[in-house]
Amino acid sequence: MRIGLLTGGGDCPGLNAAIRAVVKQGLGEYGHSIIGFRNGWKGVVDGDVMPLERQHIRNVLPVGGTLLGTARFHPREEDGSMEAVLATLEAERIEALICIGGDGTLHAASRVADAGVKIVAIPKTIDNDVAGTDLSIGYHTAVNIAAEAIDRIHTTAESHNRVMVIEVMGRHAGWIAVNAGIAGGAEIVLAPEEPFDMDKIIKFLKHRHKAHANFSIVVVAEGAHAVPGSSMEYEVQLGKYGEIVAGAIGERVATEIQTRTGFDTRLTVLGHVQRGGSPTTTDRILGSRFGVAAVDAITRGESNVMTALRGEEVVLVPLPEVAGKVKAVPADLLRTARALA
Ligand code: F6P
């Protein structure tokens with residue numbers, strides 16, 4: 001079989017493990033050909049192919065990013081790019097496509113599947129917000145990086161008697177903020193799932209600093225926002241493509257705390273540090289398992305499905321049921337973060 005492979009959307013650690021697994025299982029177990037497309041859906045539109053052989057995947061397991069490249073580009077019917085996708089797949093005689101991506105890439109994959117292409121998707125995003133799977137590739141590494149950063153910030157916070165605000169990634173869900181916050185011992189965690197009340201935060205900080213502490217750690221997800229109508233009016237800041245502007249909410253929260261408490265306050269925006277570097281063993285193993293499962297599924301003739309981790313098992317879930325849906329942090333996890341303030 002000729003199987004196409006692409007990585008789309010933001011990169012993350014663990015993508016190369018998945019690519020490697022697809023190539024090894026495809027070539028070794030079944031004798032398929034694996035045709036990589038450079039830069040996600042953009043490469044499919046442009047016919048930018050990279051046939052993958054064993055030499056391409058040598059030593060890539062511990063390397064972050066994606067050897068295929070990626071882009072924030074999704075094919076659409078309106079501008080002819082969907083038609084171009086179908087034309088390239090036909091020209092390259094691609095019989096099935098493996099798409100590794102987050103919400104945008106998977107949504108596009110589902111539409112390409114509707115057009116008759118055999119598709120198996122693999123979920124990746126450091127935000128961990130793809131529905132239907134316990135874990136997505138990249139999240140475990142990112143949450144470790146964020147927790148380690150909080151640990152480091154702790155010591156300087158304490159030395160200088162400061163409030164430290166740390167903004168982490170997470171546009172639509174607060175998985176990194178909540179779990180890195182718990183693991184790093186943050187006093188306050190702000191996530192998109194639970195709009196915050198700045199009055200309560202100020203009261204809490206004043207009480208804590210008067211009663212028993214001289215520093216505090218506040219972790220903010222980039223998609224966090226205030227309760228509408230509360231004392232801190234804040235609407236999520238959007239850039240020209242409708243994306244959430246990194247650093248905006250962190251800046252606003254830090255300024256508000258500094259002004260209303262008088263405590264010396266500093267902001268750290270972790271940004272793309274969370275997306276770079278070598279994957280953890282969990283992400284290497286998850287990427288490898290998803291890669292093998294995707295090739296097995298395609299070979300069995302499955303289509304319009306996504307590999308997913310459910311407990312200890314890798315299973316397949318229908319792509320239309322999960323594409324474009326956000327997996328929010330559950331209430332009990334949010335409560336745990338609050339309880340540990
Ligand atoms: O989609 C994952 C993500 O890491 C988000 O958390 C973040 O908002 C976004 O990517 C940043 O994207 P870009 O690299 O395009 O600025």
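From the backbone N, Cα and C atoms, a Cβ is placed for every residue, glycine too.
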Arg72, Phe73, Gly102, Asp103, Gly104, Thr105 bind ATP according to TrEMBL; which of Gly10, Gly14, Gly26 goes with them? Gly10
Would you find the one among the binding-site residues Arg72, Arg266, Arg275 whose Cβ has the most company, meaning other Cβ atoms within 10 Å? Arg275
Among all protein chains shown, how many Cβ atoms are found within 10 Å of the Cβ of Asp127 (substrate binding site), not counting that one? 29
Listed binding-site residues are Phe73, Gly104, Arg171, Arg266; which sit with C-beta under 6 angstroms of ligand 1? Arg171
Would you list the other residues of this chain near ATP - those whose C-beta lies within 8 angstroms of the C-beta centroid of Gly10, Arg72, Phe73, Gly102, Asp103, Gly104, Thr105 - in sequence order? Gly8, Gly9, Gly40, His74, Gly101
If you count Cβ atoms within 10 Å of the Cβ of Gly104 (ATP binding site), leaving out that atom itself, what do you get? 19
Listed binding-site residues are Gly10, Arg72, Phe73, Gly102, Asp103, Gly104; which of them have CA atoms within 10 A of the CA of Arg275 (substrate binding site)? Gly10
